[in-house]
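**Q** Here TrEMBL flags 85-106, 112-130, 137-156, 168-201, 222-243, 539-562, 583-603, 609-631, 643-663 as transmembrane segment. Positions annotated as domain 'MIR' by TrEMBL: 277-333, 346-402, 407-464.
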Amino acid sequence: VYSWRDILINKEADPFSIIHLFSFFSWDETHFGKMGSYYINRTFFFDVHPPLGKMLIGLAGYLSGYDGTFPFQKPGDRYEHHNYIGMRGFCAFLGSCLVPFAYLTVLELSKSLSAALLAASILIFDTGCITLSQYILLDPILMFFLMGAVLSMVKYNSYADRPFSAPWWFWLSLTGVNLAGAIGVKFVGLFVVLLVGLNTVYDLWELLGDLSLSLVTLGKHLLARVFCLILLPLALYTAQFAVHFAVLNKSGPGDGFFSSAFQSRLIGNNLHNVSVPEHLAYGSVITMKNLRMAGGYLHSHWHLYPEGVGARQQQVTAYLHKDLNNLWVIKKHDSNTDHLDPSHYVEFVRHGDVIRLEHKETSRNLHSHQHEAPMTRKHFQVTGYGINGTGDANDFWRIEVVGMKAGKRIKVLRSQIRLTHLATGCILGSSGKTLPKWGWEQVEVTCTPYVKETPNALWNVEDHINPKLPNISLDVLKPSFPEILLESHMVMIRGNSGLKPKENEVTSKPWHWPINYQGLRFSGVNETDFRVYLLGNPVVWWLNLVTIGLYLLMATCAIVAMKRGVQLTAELKELSEVLLHSGGKIMLGWLLHYLPFFMMGRVLYFHHYFPAMLFSSMLTGITWDTLLKFCAGCLSCSLGRRVYTYGTLALMLLIVYSFYLFHPLSYGMVGPMASDPNSPMAGLRWLESWEF
């Protein structure tokens, strides 16, 4: 297991370094180590990735004796007495499995021991893979399932001449299991799903052209793939979320990202086991929560908008915390009758009604007009207006429920409400922008004239007080599993799209990655710090980059030669088949795991390239092995054998020597920065953008 083997080597060289390596946490361990703790403590949290990777980290910690009490506050804090070795060891083990997976995949595709050894050597001696694998991160877990899916796909393809045999079913089913694992760790696992999907379509197309197969046999092939590559992964993926929701049953820092109905499931949440009236009625005192991610409650207070910011009327905002100023009384638009008077009958609010919302603490009405909103241009200002509920026609709102017919009652928690301003036609919503200090840094509420069905413009009733109505337990209104599964995915998708670069944050662009333009600090900044720097082995990464161009050239030559009817020897035909068919699959994998990042609007980091790097490393093994065999075939038998052997050996020695030069990046450095001429690493700073 190469990560541990290298650690032992490093221990012999510098015991003090290893103590440092294992005594503090770094970079994204702040997130994923903490999330492992949440699973151990059964505390609900929110993350933009699916749950499998964090669940496995938490399970590894639990089984190895970690109690989930380390705070994971900032990189550089020491673990002290906390038992974190199990979580790091688990990630290191999965990262180590990439080497045999790559070896077996290339061996199956090329039938060449040298190509498989070259691909495996690249991963063994890449400083970037080692660095990612020795910490509590999702990347080694993701790459484990990704490479497992590719290996399984290649293996079941190798049994094409023995369909429906036990090995064929085993590898086909294992492909589906690994696909579920890859998607369950990160959504980028969808790229390997696409790769397997395209491979399956190609397989079925080839089978369709085989006239010796009956339609019944073709149907069996199709159903086998549908079951193992679609239904099985979907079932396993859904089961991951079932376990996730069952384990995380206590209120925690993730509550606010989800709807009120979702929160009512969580022990310790203020909505858990609460009883409220089910249907909204006139005279009810309510709170309204915006459905955008981490949306606040509709809120007002005595403070006015300052001079020059729309009309100088009472502020209306969205507030993230429970507060008496979140309470509103729902009234008829044309009447000021006290509906809580015992002599007055109960009248329910229905879809399509025109209502007025009166702020309970200040007795001002929710109001809008064509003054511009304070932060969002072309949106209208929302204010509190009137005296003791008496205002004007700009206080009237039509209440509507998404997907409901006119006249139907409105439910607490479950109904998604849209408030349309009667006078202007705009829709009440939260922009998500933070107001300046005059607005107490609360969230801006506006009335948007652009009618869009977005969570920003939807609300639900959370608290509901009406002494004239019978209370029911919120357990009755709890969402079903399919509903919380759908909601969790909507929240994750919105969270991913909302990941934008923060001020002074080190990010990178996709074109930086293949050229190894810029690394990433894992820990330490100053000369006195123990520093680990994520950077690929430069020789390995630049060799991979050159190989992509070399592969395209060689593949083009092979295609042209075959198209022109050039007579090739049996050996050259075999090499061309390996290059085009086997190398083509790997090249397609690289393209699918790299090109989509150019279209992503979210913040990107260097480590996002590593799945694509696995494919380029396997392509390097296949391409250079094919090139050396071709060169050897053009020479005499003895000379050709020497060229092939020495060429392969030279590549491996070059990779090993470059690892010897750059291994301190993975195992840690202390002393002057590489920009200092006195630093022992100064001569290895080949690019100015490398900041180790």
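Quick reminder: no glycine exception, Cβ is built from N, Cα and C everywhere.
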**Q** Below 8 angstroms Cβ to Cβ, which residues of this chain, lying six or more residues outside the transmembrane segment (222-243), approach it?
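**A** Residues packing against the transmembrane segment (222-243) from afar: 50-52, 55, 164, 169, 172-173, 175-177, 179-181, 183-184, 193, 196-197, 200, 203-204, 481, 485, 488.
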**Q** State the residues, same chain only, that lie 6 or more residues beyond the ends of the transmembrane segment (643-663) and have a CB under 8 A from a CB inside it; answer 'none' if no residue qualifies.
**A** 6, 10, 114, 117-118, 121-122, 125-127, 535, 537-540, 543, 624-625, 628-629, 631-632, 635, 684
**Q** Which sequence positions outside the transmembrane segment (539-562), separated from its termini by at least 6 residues, show Cβ-Cβ distances below 8 Å to it?
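**A** Result: 122, 125-126, 128, 514-516, 568, 576, 579-580, 583-584, 587, 590, 613, 616-617, 619-620, 623-624, 626-627, 651, 654-655, 657-658.
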**Q** Hey, does the transmembrane segment (168-201) touch the transmembrane segment (137-156), meaning at least 3 C-beta pairs closer than 8 angstroms, sequence gap 6 or more?
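**A** In contact, yes.
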**Q** Take the C-beta pairs under 8 A between the transmembrane segment (85-106) and each of 112-130, 168-201, 583-603, 609-631. Which stretch has the highest count?
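**A** The listed stretch sharing the most Cβ pairs with the transmembrane segment (85-106) is 112-130.
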